[in-house]
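Asker: One structure coming up, written as structure tokens, with questions to follow.
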Amino acid sequence: MSRLLWKKVAGAKVASGPVPATARWVASSVLDPVPSDGRPPSQMPSSENGQLRLNPLLIQMLSRGLHEQIFGCGGEMPDEAAVQRSVEHLQKHGLWGQPATPLPDVELRLPRLFGGNLDQHFRLLAQKQSLPYLEAAASLLEAQLPPEPKSWAWAEGWTRYGPEGEAEPVAIPEERALVFDVEVCLAEGTCPTLAVAISPSAWYSWCSRRLVEERYSWTSQLSPADLIPLGGSTSASSSTKQDGQEQLVVGHNVSFDRAHIREQYLIQDSRMRFLDTMSMHMAISGLSSFQRSLWMGAKQGKHKNPAAHKARAEVPEESQWSSESSSWDWMDISSANNLADVHNLYVGGPPLEKEPRELFVKGSMRDIRENFQDLMQYCARDVWATFEVFQQQLPLFLERCPHPVTLAGMLEMGVSYLPVNQNWERYLTEAQNTYEELQREMKKSLMDLANDACQLLSGERYKEDPWLWDLEWDLQEFKQKKAKKVKKPASASKLPIEGAGPFGDPMDQEDPGPPSEEEELQRSVTAHNRLQQLRSTTDLLPKRPQHLPGHPGWYRQLCPRLDDPAWAPGPSLLSLQMRVTPKLMALTWDGFPLHYSDSHGWGYLVPGRRDNLTEPPVSPTVESAAVTCPYRAIESLYRKHCLEQGKQQLEPQEVDLAEEFLLTDNSAMWQTVEELGCLDVEAEAKMENSGLSQPLVLPAACAPKSSQPTYHHGNGPYNDVNIPGCWFFKLPHKDGNNYNVGSPFAKDFLPKMEDGTLQAGPGGASGPRALEINKMISFWRNAHKRISSQMVVWLPRSALPRVVTRHPAFDEEGHYGAILPQVVTAGTITRRAVEPTWLTASNARPDRVGSELKAMVQAPPGYVLVGADVDSQELWIAAVLGDAHFAGMHGCTAFGWMTLQGRKSRGTDLHSKTAATVGISREHAKIFNYGRIYGAGQSFAERLLMQFNHRLTRQEAAEKAQQMYAVTKGLRRYRLSADGEWLVKQLNLPVDRTEDGWVSLQDLRMIRREASRKSRWKKWEVAAERAWTGGTESEMFNKLESIAMSDTPRTPVLGCCISRALEPSVVQGEFITSRVNWVVQSSAVDYLHLMLVAMKWLFEEFAIDGRFCISIHDEVRYLVREEDRYRAALALQITNLLTRCMFAYKLGLNDLPQSVAFFSAVDIDQCLRKEVTMDCKTPSNPTGMERRYGIPQGEALDIYQIIELTKGSLEKRSQPGP
């Protein structure tokens, strides 16, 4: 039934996906368990008890019992030639014969598996989970929908409209399927204002109480009563998973609409699921980030010739075989993500009118009331447009993502849930107060620096200051009217002036004792006379008061005028955004003072230049200093820096990787690749067709010059900045040397502040303290708007389950609620989930205000958070693809072996090997390794090397990158075409071939050159095939590229198609990097979907009370009832085992290494944090989670501990103790 419906909705036969090797399960009926009476092959090495199993490469595999339960009995051993080829490959890379310590076997009886193999098992589970929602979707597609009502009811709550438009109030729309859209008046907060829905039988509208009932003000705190009811009662007694039938809600960016549905905030999960047309569009015809910029440029008419964009980022990747012009057909089969463009792509017709939306964005509630009918029609048109898009999308989606696990996984991903309590509000308050306090302290430090700098005016000392010499030091003279001459009384001229005696007078040296009454009276008279004298001068003041006369110009610009409503004393306008601030703080880069250039942005001055000390500026285009630069002072400053650092000359040294880079999830690594412009120009294709060796191209501005320092290398020198005695170097920009740095306080420079490269100069503590505070507040400054605007709904006691209210830890005065993260379940072309706050949040750091954000997600009493990180997920996926491609054995490639058997302690893991090969830190090597797997080219490595170690020259970075790629990715080799073989024979050309018949790039170019010369420069296609050879990762990249360049790229496990906008038929040889990246990242999404399906099955099968919370890249978290926590942990371990086995099975590897079968640890905790032992101490949480919030450390359990606690069973029993 389910398969027929799937085919019916898809409109095409469901593809079976990649065909694995012969199944090794004994065929069984759907309900039969996997038989387990077979034995491993006799030639397989095993222990005395028959459980320990090693493959021919001596890698420990699943124990015999687990292998039989999952893969069945029997199995073919790889042929001797494949084994020998693998051993020789491992020997070549120094990995064969490395010692390995066997892991204890895992004795575990798995739940009953269905079908004849793992693929059938997952298909049956996913079909069971998604079938009710697929049936609901089919009812929408097949229905003849009613016409839109001509008039909309002005009534609070839901209204149903009959066939003739008659309005009838209803409690909720009792429908199995709805297309739904919510509109919010942003001026009034996050409370929903109105909504429209359509079902196969009727239209519905909803109006909020705040819209219908006019009040002076409403509370800003949301309660369930403010939200839209859509799924029954909100009382805890009736809100269980078993209540009601399955409901499907369809919307465009439906996670926004879900956040305004009342029942979705209940702790117990509901049976309502959501399908997002925006996510389905990304999976069907989504655009990569660079394609989107091209598409938008073409749409706006800014670039009539899209080929002009080839100078940027991704389009100029490796061309597949030649440098022929790019294809732009992909622009016709894709679009941006908004509803209007998506509707135009799939449906066509007149463009959607989006102007009324501005009333919700900028208007007030009164504006919405006055335009109620028009705005309801606008919302209804969006609903109808979404329905039309859905009609076209769903069959396409099921055809291009045919495995039912994909749909079931996306449905589960769409119900993310983050529980919070009163600590959330406390966190917001503490973080904001700490931020404001530090802001005030930083402001005072900066004002002190400005006031101190003014003192340099005395004796013109500023002229010898390495930073302040070029500021505006001109003084504004004090102006006054001419005074009228008045004859002074003689008595006034004879008044004694207090303190006017000569210096050294005894009256200044001795204590005169307490003043007498006469002296007191005399002083009072003197003060009064002086005051009168000052008052008499008021007539001399100019009509328009001067602004701080007697102060330098730069200082006057920092002080508000007296008539300014926001007047405050001193240089109160000073901020980090001002160009004068880095100078006042005396910032240095490696000991060189920072300097700002109008044409090149922020840089620094390197002393030692002599060729421009006497020469005037060459031309008007050359920047020159209007005042003399104190280059001697700069030389002295740098010498002092070198002595303090204990060095006479800079030497290249490794800089530790900032935690921000490591804490950025690996999914963000692809964004880093794109930001750095890592994608190679069509250099390879040009090299194949040319007779020139590959040049090392330096940026024009950084080309060797006649004048440059010998002791310093950097981004420069830029000699058009003519500073006498100094060279100007630009600060390095994360996007490349051609970009200017606008502020040295940007977050990209935080790692340089931490490692001491960028620091405040000498002269007091104000500068270093301001720099330190800037680092501390950087996270909250950038994220507080997103965090503070999170939509939190607090639940009344009646909506809380009894397990919460009866728990000893329940606080009667506390608040319990939830945040629904607005996750786009497929927000990128790789189908990765996207959400701006929670999916990108870093972990807590002791020097970052508010960075304890994730720990504020706290389980309610009686519940815990159970989750785990998938160890090296993408590395393993890439490795197992390479292993299957090379010899069909786990660990048969060097890359696969290091992933499985490598140990950090022995330096044999992937990251340690790369670090040792290139001479970089292991942390840096980790970034490079992920970048390569994501498809980044050698240019990426060069730029990232220079970003991590700015002291490297471009030549040194290029050499390191070339060495790294030669060892890891290998060298490109080519197989000659028939024409190529004929030319070699006819021209009698000497060609050096490998054992497999591959030729080098040099030989390929030689054949092309000679053939062209002998045939009057005819162009010959002499290469039929190309591959990577000789590297630790060559076979893996060959497999990834073979998938990426196939006619219809599909993920190897679930068979999901790449976006139509990246199919080879429309992009030809372009966007190779995006396509290679897609293979790994999209396979990782398959991994997540398999996990979600398996966990849902085990929770339902064994009555584990829990629900999915969130998935952050390679980790998953579930909210689980406390008494079920250990069973949920075991379910997670079994899920990981079956998911990895599914990958191996689909690739023809009917086995799995023991080292990757289970999570290294499953976390059981009361809050969301990276490690259960992290106390999350930060400036806003200085005492930690336990002392401040009462949250103790959690548990991290491995598979052996979990089996001991649960007796290896998922069945419910009396709860074991910890």
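Yeah, the Cβs are placed from backbone N, Cα and C, and that goes for glycine too.
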Asker: Which one, ASP611, ASP1105, ASP1114, ASP1124, is listed by Swiss-Prot in the same Mg(2+) 2 site as ASP869, VAL870?
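Answerer: Record check against Swiss-Prot: Mg(2+) 2 site with ASP869, VAL870, extra candidate from ASP611, ASP1105, ASP1114, ASP1124 is ASP1114.
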Asker: In Swiss-Prot, which of 620-626, 739-745, 837-843, 935-941 is tagged region 'Trigger loop'?
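Answerer: Residues 837-843 are the ones Swiss-Prot records as region 'Trigger loop'.
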Asker: Given the ranges 135-143, 378-386, 1197-1205, which one is assigned the annotation motif 'Exo III' in Swiss-Prot?
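Answerer: Swiss-Prot lists motif 'Exo III' for residues 378-386.
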Asker: Would you identify which residue of SER285, SER289, SER293 Swiss-Prot lists as part of the DNA site it also attributes to SER575, LYS785, THR828, THR1073, SER1074?
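Answerer: Swiss-Prot names SER289 for this DNA site.
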Asker: Using Swiss-Prot as the reference, determine which range in 345-352, 681-688, 913-920, 1113-1120 is annotated motif 'Pol C'.
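Answerer: Here Swiss-Prot associates motif 'Pol C' with the stretch 1113-1120.
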Asker: Pop the Cα-Cα gap between LYS747 (RNA binding site) and ARG832 (site 'Critical for replication fidelity and mismatch recognition') into the table, whole Å please.
Answerer: 25
Asker: What's the most sparsely packed of the recorded positions ARG561, HIS733, LYS747, ARG832, counting other C-beta atoms within 10 A?
Answerer: ARG561
Asker: What three-state class does DSSP give ARG848 (RNA binding site)?
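Answerer: Once the DSSP labels are grouped into three classes, ARG848 (RNA binding site) ends up as coil.
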Asker: Tell me which residues of the chain lie with their Cβ under 8 angstroms from that of ARG848 (RNA binding site), as long as they are six or more apart in sequence?
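Answerer: Result: LYS775, MET776, SER778, PHE779, TRP780, SER842, THR1178, PRO1179.
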Asker: Within a 10 Å radius around the Cβ, which one of these recorded positions has the most neighbouring Cβ atoms: SER842, GLN1081?
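Answerer: Within the set of recorded positions, the most crowded position is GLN1081.
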Asker: If you draw a 10 Å sphere on the Cβ of GLY742 (RNA binding site), how many other Cβ atoms land inside?
Answerer: 14
Asker: For RNA, with binders ARG561, HIS733, GLY742, LYS747, SER842, ARG848, what's the maximum Cα separation in whole Å?
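Answerer: Maximum Cα-Cα distance: 42 Å.
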Asker: Can you give me the Cα-Cα distance between GLY742 (RNA binding site) and GLN1081 (site 'Critical for replication fidelity and mismatch recognition') in Å, rounded to a whole number?
Answerer: 34
Asker: In the motif 'Pol B' (922-937), how many residues does DSSP call helix, how many strand, and how many coil?
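Answerer: Looking at the motif 'Pol B' (922-937) with DSSP, the answer is 12 helix, 0 strand, 4 coil.
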